[in-house]
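Q: Feature table excerpt (Swiss-Prot):
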- S15: phosphoserine (MOD_RES)
- 21-469: domain 'Hexokinase' (DOMAIN)
- T38: phosphothreonine (MOD_RES)
- 75-209: region 'Hexokinase small subdomain' (REGION)
- 86-91, K111, 307-308, 344-348, 419-423: ATP binding site (BINDING)
- S158, T175, K176, N210, D211, N237, E269, E302: substrate binding site (BINDING)
- S158: phosphoserine (MOD_RES)
- 210-458: region 'Hexokinase large subdomain' (REGION)
- S245: phosphoserine (MOD_RES)
- S272: phosphoserine (MOD_RES)
Amino acid sequence: MVHLGPKKPQARKGSMADVPKELMQQIENFEKIFTVPTETLQAVTKHFISELEKGLSKKGGNIPMIPGWVMDFPTGKESGDFLAIDLGGTNLRVVLVKLGGDRTFDTTQSKYRLPDAMRTTQNPDELWEFIADSLKAFIDEQFPQGISEPIPLGFTFSFPASQNKINEGILQRWTKGFDIPNIENHDVVPMLQKQITKRNIPIEVVALINDTTGTLVASYYTDPETKMGVIFGTGVNGAYYDVCSDIEKLQGKLSDDIPPSAPMAINCEYGSFDNEHVVLPRTKYDITIDEESPRPGQQTFEKMSSGYYLGEILRLALMDMYKQGFIFKNQDLSKFDKPFVMDTSYPARIEEDPFENLEDTDDLFQNEFGINTTVQERKLIRRLSELIGARAARLSVCGIAAICQKRGYKTGHIAADGSVYNRYPGFKEKAANALKDIYGWTQTSLDDYPIKIVPAEDGSGAGAAVIAALAQKRIAEGKSVGIIGA
């Protein structure tokens with residue numbers, strides 16, 4: 001999702017002994033502003049819990065806490081063929097999912113890269129046409145003889161969308177760099193279904209889900225110890241099962257066939273945590289990113305911890321050092337002085353540079369930006385990359401700790417997905433150890449931590465399929481799938 005390549009061996013750390021005093025001073029300054037101590041993590045978690053509760057109240061809060069209308073736990077016995085499409089930050093994924101009915105599934109998939117310009121196209125139809133065309137290409141490839149029976153489709157839509165029932169999604173606001181007009185505050189399901197129908201594809205969108213909810217449900221399908229689904233990728237988010245009686249904003253809106261004790265999957269959308277800037281330790285670089293973003297004042301937590309922004313935080317800090325005369329002296333930085341010219345693959349590659357003199361980093365700056373670097377400058381760049389990556393890992397688990405504390409979970413599995421979790425060097429270990437710091441666990445091995453972050457199942461693909469299966473079952477049994485009258 002954020003262009004992270006295959007893993008390389010863990011890098012060897014060079015000595016800082018030869019770094020000049022003025023650069024060491026800058027490194028120390030960066031360590032002060034980017035290091036997140038345990039007491040800060042605990043304060044962030046405490047505030048997070050209160051914001052989660054506000055989001056479930058009738059009045060609402062910064063964190064949307066969107067009911068996902070998944071009102072059953074998967075049994076693992078769900079079976080059948082389903083299609084899933086996953087619209088995330090960078091790619092459109094189309095998946096054929098075969099649920100085995102024995103806590104197993106098989107998937108066949110294709111990815112279609114979203115053209116960068118499509119994120120901000122002024123023609124709202126263009127996005128849905130692209131998705132429908134990709135879906136048709138996939139169907140033609142997988143079913144050359146055609147389809148005899150309509151196939152149910154689960155649509156993973158990884159943006160804040162409110163739902164009054166499982167097969168609708170009203171976009172609240174664009175995130176992840178998207179800003180397409182005339183879609184916000186509208187139901188996206190009929191927009192997509194219209195383009196599918198126009199192409200005579202025998203498919204019905206039966207469930208719209210968020211990728212994080214999909215991660216939760218797919219992982220629960222194979223592992224009933226799952227307590228949360230989380231995404232560490234282009235965006236950052238968490239989903240979990242709450243209890244209907246604890247969701248104040250749903251009181252009086254549910255059918256009689258939904259008991260107060262019924263579970264309800266909640267898509268938190270907690271990238272918007274602390275939009276009021278009460279507790280998160282923002283730096284001047286975070287403030288610049290926010291002020292120059294399409295939506296200033298929104299998605300504060302995401303802008304500090306998600307993959308979409310890590311490279312830009314690094315670039316801004318290096319530009320600051322350049323303007324102060326500390327690095328890249330007497331060089332042309334015109335190629336480098338462009339917002340988001342560094343995606344998250346850059347700090348990742350710098351962190352895993354295996355050479356003591358950081359030759360890969362030297363090549364990276366020369367080849368991509370025409371910048372010559374000294375060994376000492378590269379050591380600053382490397383340390384800064386480590387600090388930014390570690391801060392993201394540590395802050396990102398505050399949402400996990402908050403939900404586990406709110407729900408009273410002492411043990412369990414947190415199913416994690418996303419390119420940053422899967423491929424950013426050291427992220428898994430740093431995230432796990434931040435949880436350890438918040439809780440004060442004494443165990444020394446990650447495998448022994450009471451709450452473990454584990455790799456998710458195929459979240460958005462299989463998750464969309466399992467949710468479509470659960471929705472179909474409810475409909476077949478005549479049960480409610482949304483708010484009364486929706």
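The backbone N, Cα and C atoms fix where each Cβ goes, glycine too.
Give me the structural setting of these features: burial, nearby parts and distances.
A: Within the model, the domain 'Hexokinase' (21-469) shows a mean pLDDT value of 95, rounded to a whole number.
Counting every protein chain shown, the Cβ of T38 (phosphothreonine) has 13 other Cβ atoms within 10 Å.
Sequence-distant neighbours of E302 (substrate binding site) (same chain, 6+ residues apart, CB-CB distance under 8 A): T175, G235, V236, G271, S272, Y308, Y309.
Taking Cβ-Cβ distances under 8 Å and a sequence gap of 6 or more within the same chain, the neighbours of S158 (substrate binding site) are D86, L87, G88, G89, K176, N210, D211, T212, I231, G235, N237, S460.
There are 14 other Cβ atoms within 10 Å of the Cβ belonging to S245 (phosphoserine).
Summarising the environment of S272 (phosphoserine), the number of other Cβ atoms within 10 Å of its Cβ, over all protein chains shown, is 24.
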Q: Among the binding-site residues T175, N210, N237, which residue has the fewest other Cβ atoms within 10 Å of its own Cβ?
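A: Fewest other Cβ atoms within 10 Å, among the binding-site residues T175, N210, N237, is found for T175.
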Q: Let me know the most crowded of the binding-site residues, choosing from G89, P347 and counting other Cβ atoms within 10 Å.
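A: Within the set of binding-site residues, the most crowded position is P347.
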Q: Rounded to a whole number, how many Å is the Cα of T344 (ATP binding site) away from the Cα of T38 (phosphothreonine)?
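A: Their Cα atoms are separated by 25 Å.
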Q: Cα distance, E269 (substrate binding site) to K111 (ATP binding site), nearest Å?
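A: Approximately 25 Å lies between the Cα of K111 (ATP binding site) and that of E269 (substrate binding site).
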Q: Run through the Cβ atoms and count how many others sit within 10 Å of the one on K111 (ATP binding site).
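A: Here the count is 13.
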Q: Around the recorded substrate site, report the further residues of that chain (criterion: Cβ within 8 Å of the mean position of the Cβ atoms of S158, T175, K176, N210, D211, N237, E269, E302; site residues excluded), sequence-ordered.
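A: Close Cβ neighbours, site residues excluded: F159, P160, T212, I231, G235, V236, G271.
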Q: Give the residue from the binding-site residues D86, D211, E269 that has the most other Cβ atoms within 10 Å of its Cβ, counting over every protein chain displayed.
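A: Result of the Cβ crowding comparison: D211.
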